[in-house]
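Structure, as structure tokens:
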Amino acid sequence: MLNIVIFGAPGSGKGTQSERIVEKYGINHISTGDVLRAEIKNGTELGKTAKGYIDQGQLIPDELMIDILASVFDSFKDSKGVIFDGFPRTIAQAEALKKMLAERGQDVSVMLDLEVPEDELMVRLIKRGKDSGRADDNEETIKKRLHVYHSQTSPLIDWYKNEKKYQHINGLGTMDGIFADICEAVDKL
């Protein structure tokens, strides 16, 4: 089973490239945001618990997030694989994901890191904000999001390098060129 973690700052193209990976390799996409919204909408026990944290303005604990991801992952048992988008974000989450997968005889196949320089991310996100009207894509908020991303991710990149799962992907260039680099990395697995 192909288990991919896709990684990159806001605006790096994770969503676009995830869609293409899903289409080419016939694997399922797990976006933590989408999964949380679905669990809450469907009124599952996990969703109700998560909603309680969200309603109180609290972060969802890693253990609960892993339980939710495990439930979704298990629903894909006949799948060729999964791409994890938006998770893990911390070393504790990466360790929890590794444990959850190991309990199922699986492991992360590769962590794809879409690297884009910060000045280009700003240009992309400001354009996206204008095009989509997303309130969280204004310059001040973007800078905060990028700071949080960089402060959380440096240790995680090193963690995946130590696990021998890290793959750098240059996130500059055409969508097709970036996707070709991703395919080259995935096809080697």
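Glycine residues also receive a Cβ, built from the backbone N, Cα and C atoms like all the rest.
Per Swiss-Prot, ATP binding site is recorded for GLY11, SER12, GLY13, LYS14, GLY15, THR16, ARG128, GLY173. Under the DSSP three-state reduction, ARG128 (ATP binding site) is assigned to helix. With a 10 A radius on its CB, ARG128 (ATP binding site) counts 16 other CB atoms from all the protein chains.
The feature region 'NMP' is assigned by Swiss-Prot to 31-60, with sequence analysis given as support. Non-local neighbours of the region 'NMP' (31-60) in the same chain are 18, 67-69, 71-72, 85-87; each lies 6+ residues outside the stretch with a CB under 8 Å from one of its CB atoms.
Of all the Cβ atoms in the protein chains shown, 23 others lie within 10 Å of the Cβ of PHE87 (AMP binding site). Under the three-state DSSP scheme, PHE87 (AMP binding site) falls in the coil class. Taken from Swiss-Prot, the feature AMP binding site covers THR32, ARG37, GLN58, LEU59, ILE60, GLY86, PHE87, PRO88, ARG89, GLN93, ARG134, ARG145, and the record attributes it to sequence analysis.
Annotated region 'LID' per Swiss-Prot: 127-137, in sequence order, evidence recorded as sequence analysis. Mean per-residue pLDDT, taken over the region 'LID' (127-137), amounts to 70.
Local packing around the binding-site residues SER12, THR16, THR32, GLN58 was summarised as the count of other Cβ atoms within 10 Å of each Cβ; on this measure the leading residue is SER12. Here the region 'NMP' (31-60) has, by DSSP, the following mix of helix, strand and coil residues: 21 helix, 1 strand, 8 coil.
GLY173 (ATP binding site) carries neither a helix nor a strand DSSP state and counts as coil. When secondary structure is read from DSSP and collapsed to three states, GLY15 (ATP binding site) falls in the helix class.
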